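Each remark here refers to the structure printed beneath this line.
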């Protein structure tokens, strides 16, 4: 049977097999057969820890006691002498029936431990105390192992065993670890005083040093481990938190999340050192499983640093390789695998697995666990479940324990039942000598006196005398001389107050006070109820009267308890009667109305009228009397017989002011007679005005200036309308007589004079206010807004590796500016073609100015002219080149010129390039934002305004120098330095030698950039000092020749980049959770200005007011709408009628749509889309951003296009600019989108649903619910500057009832979108016609 059981694959639990060992001890051969190497390892790990013998037996409940003893004694690594003593202690206190021979003078120690029972120490606590006494007397270990006792009680017990206990191994380790920290040693070694600790250190100094040297020899990697763990040590609070977490069933990754400032190696080592559990290999396995699952390399040094376990690590690696071969491996996350591995140690019940892994199959869970644990030991939760369900049917147990077989559960149940029986039988009888009757009586009398003095509640009596009948104790207390039946003890008062606060009724309180009479308890309840709070609200006056009477009666007699029972009994009866009266009076009763006859009603009216007339008569008499007295008084005042009365307040004010003016210089001190007035110089206090530095504002762009102008015009018009409404006179039938104001207004109308001067002033005041800037249209980084990344990777994938790297790009040169056959320059053709070629010199901006030279004028006179004065050709000294941060070998060329109209502005483009690269790489720092805006953008614009070409070139050189200093692409920087090429030599040659300024490190503020980018500030001495520096001795003679100007040593030295700069730079990029909306929109506008703006005339050649008329949705429109829809990186986007692809590019770049597409039929617009797509991908590559996933259908109509239909049905958000769609084209859109998923959003410029719309059952419009919105800002579309409305349509599950007629409602009830009705319903095309639009939509379309 035994061998057959071992071969059963389901019974993988070795503890089920160990149930065989509960048989008699004569079967030692069978026991040896069942004893496995895993059990041997587990037992060895247990006995090497400070554990009691009873805890070892509980861990192996199915194995006999003799077997475990023999295994412990046969182990070579354990301290056999200590284990003999622990076994003796266990059998003496927990198995007193067995007699053991004396081991190492144990009888004397046991007699001392026996005395602890008198101090209410249990047998298990005594055994644990003895274990700590032998192996670990540190504070942390005692607190964990004996939680029911204080440290003072434990120290007293230890001193009772021996006044000078020997030093345990753990105490010596603590002493070695904290040799110089006496405060910590005194706290951690609570049994020892400070003198004994110091003596131990002095006496055993040599041995301690030897132990330290031995430990260093054994662990030569200690210095390496310190280098690995560069973080600070755990604080005391963090260490306590870590100890608490170790006892919880959590995995290693969850524990690491609680301590983010420390490395995993350091936390792992601390766990192994602090782990006081019986099996300390559990956390070691969790740590190595974490390393294997998350592909963290572990070498021999790390294993030694953590604490060993090479064999465990190799086993975990082999198990993980097997798990990877499972079919369902890809459906699980790494965190789920790690959590399941953790659950295998703590809880493998079905309820826990289904709760924590709801989406996983139980069979898959079993497969994963069985690979890592071929023999799964019973977890603590499984054991507790079996202990609680010993009598539960076997089928229920098998269902709730999926990893256990029927035989394994049966054996475990038998072992648990046998263990409970043996523990009940093995209760240790008291070995103390029996007490005399006199001693018992004296002890009981002391306890009883303490009860009578402090607490006579039922709970206190039962706790003090648990084994004696409660009736006898109550009789003895009542017969005691010191017992007072008419006074509550402190414990009884506190209990009564608690019962009253909880709201317990008085009848429920009698049982808590067994020594008190019922009447006395009632009085005390009333007293506590009164003390707790007086009643303030009453339903009726009678209830209030009864309550106050009871309260008065209670106060009158509460001190008369000792006068006799007759009076108190009468008072209590009165209180009860008043309580009943109060309860009856609290009920509101409505008064019965008395019905009166007509005669009685007439008499009542006469009486009320009579009383009213009498009151009026008396009031009139009083008024007449007051008039007469007032007239007489006024006559006397006029005759001078009575002085007018003065109020007391007026007199006080006069006296106070007189005293003030008599004071000395206003010090409120009255001048005495004969005192001279002091002459004190007057002090004048002027308020201090601190001028706040004005924030630097960048030059307003033409678009922003146009928006501000339009907003002001709209405000003026609104104010004029309000003014006109106020001046319009109301219509009246009679002829109105003209007033002076009316005549003045008529004159102003005739002579056309301005009648609203205040309106202009109001407008001027409003002009001075700051203009509102929309968050969806930021003009610069100062007023920028952020877009959430929502978990997407903004940069290329190589930036997110453990060792980030910058990929190489294929840069090509362009020797001459040439035109290709299709009127496109070679440079533009290279940059817009869909391949990997990128120009070293991106000269598209230069070509725009060169090809439209008539639209530009020269900058101020200090700047080079656009044309060479001699050759009248383009001036090469006017070309400025700007480098890129990630690829310094790539730069962009600009021809310096001022646009006459709305053309590309080179100066603004350079500033824009500065701000884009700040937003992408340094946006985490406001300090760097200030440097970029003030030192670069603002000074660039200021140099043009102030006609200073020298300052302009200084800013350009400073930027290029900064890129060379900060670029993480070290290979490119070295190549550039090797070539020694000056890309801006020609424009710099235009300046005089005195105007040329070379930027220094202080100009670049390079230290500030390092400090802001790096997580830890670089030391000012991170660079080595030049070796050629020499220091003269003090005694050396001073030469009398010419004194040379000393070099700036700091600028010569600080040329080296800090070591952690590049890793910290890429770490900043990885931790980005938001991206600049300004940067995203400007990247799109840069591409648009180089491709579409130069070739936009053909877009206006289409017929006006048709579906092919071209109109654009500007970036602010797309940003606001898509943010309102919350477009996520996991969603798809499509634009029906995408034009040149602007919205498609923006959805992919700004919001990270995983797929962004569009359909366009116009030839020229499709061609421009292809050029824009090629250029934007190359711009993103140079900036280090991810490529866009685009899906265009160009040169095609969406009508009847299955490819476009498939793309639309798969997307989550659609934009349709149907501003000029006719009814037939709208109908085609509905049929094309028929079948969209519920929840899909459609954005349109006009409503697809007309008034009184009826469902046709062949279009998506049947399922739309429409919401109307309006743009928050002006100039969001290309054809009007006003705020435009737009519509968001949501695809519903079913057809709304308002779209159906009564008959159709009956027929289609219960039908949803998935089952469209197919009936003989005519397709009413008129229902799909575009409805009448709002007034705001009726504007003339501007081409």
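Glycine is treated like the rest: Cβ placed from N, Cα and C.
Note that this is a predicted model, so its numbers are computed, not measured.
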Of the residue ranges 418-439, 440-461, 462-483, the one that Swiss-Prot records as region 'Disordered': 418-439
Which range of 1-29, 30-58 is region 'Disordered', per Swiss-Prot: 1-29
C-beta crowding around residue 1138 (S-adenosyl-L-methionine binding site), within 10 angstroms: 25
Cβ-based isolation winner (fewest other Cβ atoms within 10 Å) among the binding-site residues 1113, 1135, 1141, 1197: 1197
Collapsed DSSP category at residue 1138 (S-adenosyl-L-methionine binding site): coil
Secondary structure of residue 1113 (S-adenosyl-L-methionine binding site) (DSSP, helix/strand/coil): strand
